[in-house]
Amino acid sequence: MLDTVRQVSKKLVEKELKTRLELFERVRTYSSSAAALAILISLVAARISDKNDLSWQVGIAVFALAVGIPHGALDHLVTVPRTSKRVMVLFIVGYVVVAVVAVLAILKWNVFGFQLVVLMSLIHFGVGDSAFLNELDRLKGVTTSRLPTTFVFLAFGSVPVVIPLINSASTSALAEVNSKLINWHQGFDHQLGLIVISLFLIALCALLATKRFRDVIDLFLLAGLAILTPPLIAFATYFGCWHAMRHTARLSLVLPQSQQEYEAQRAVKAFFSAVIPGTPALVGSFVVAAALWLSGSVEKSFFWFLLTIVWALTVPHMIVTAKLDRSALQK
C-alpha cells in the first residue's frame, strides 16, 4: 500500500515538473519568436515607411512596454510573508518611495540618471537571462554542458542594452524620448561597442565549447534585435517580450496560485496566474504618466514619462528580486 502511494506521488511530481518544463520551453520559444518578428517587421518597415516617421516605432514600443510592466509588480508576493500585513504595508510603502525618488532623480539629472539606468538594466537583464536558463537546465535535469553563467550574464545583458544606444539610429530615437540623452555615452560610443563585441564573441565561444547551440541562437537573436531594429523597438521588445516573459515564468515557480495550476498540469494558466496580479501596475503606470504629461510642468513627451517610470521601477525591482536571482543561479 505504501509503495503504491509513493509511486502515485512520484508520478504526480513528475507530471508537475513536466508541466513546468513545458511552460519554460513555451516562454523561450515565444520570446525568441518575438525577437525574430521584431527584426522582420523592422526590416520591412525600413523599406516602406518614411525614415523621419517614428510613430509606428513609438506605437509598438508602448505596446511592448505595457506587456512588460506587470512582471515587476509581483515583488511583494515573492519576498514578503503574506501572514504579516504590517510588513506587507511597510514593504509597499518603501517600494513606492524608492521608485518615486528614482523618478525624480531621473527627471532632474537626465543624463546621469540614464547612465545609471543603462548599467542597472545591463546587470538585471543579464542576471535574469542567466537565472532563466539555469532554471530551465534544472527542469530538464541537465548535468552536463553546464551554462557558462558569467559569460552569458555579461553578453546577454550588454548586447540588447548597449548596442541599440550607440548605433547611428539612436540619435533620432533618443531625440524622440529626450534630446538631452543623445550624448549619454560622453563620446565613448566606439569603446563601448568594442567592449560589447568582445563580450559577445567570448560568450559565443563559451556556448559553442559547451555545445549549448540553442543558447547560441538566442545570442544571435539578441544581436540581430540590437543591430537590425530601431532602438525604441529593440529595447521595448526585449523588455516586454523577452525579459518580462522569462522573469514571469520564473515567478510562476514560487507563486501559490501558479503552483496549483502546475499541480493540475495547466501550464498556460500557471503563467497567467503570475501575470494577472500585476495588471493594476500597468493601469497605474499609464495613469501616473498621463497625469505628469497633462500637468504640463515639464515639456517632454508622454513616452519619456512612461520610460522614466519603467526605469525607476527597475531600482526597487532589482533589489527585491536579488534573492530570487541568487537562488536560481546557485542551483
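Just so you know, glycine gets a Cβ as well, placed from its N, Cα and C.
Listed in TrEMBL:
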- 27-48: transmembrane segment (TRANSMEM)
- 54-74: transmembrane segment (TRANSMEM)
- 86-106: transmembrane segment (TRANSMEM)
- 112-131: transmembrane segment (TRANSMEM)
- 151-170: transmembrane segment (TRANSMEM)
- 190-209: transmembrane segment (TRANSMEM)
- 221-245: transmembrane segment (TRANSMEM)
- 270-294: transmembrane segment (TRANSMEM)
- 301-320: transmembrane segment (TRANSMEM)
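Of the recorded ranges 27-48, 151-170, 190-209, the transmembrane segment (112-131) has the largest number of C-beta contacts under 8 angstroms with 151-170. Per-stretch counts of Cβ pairs under 8 Å to the transmembrane segment (221-245) identify 151-170 as the leading one among 86-106, 151-170, 190-209.
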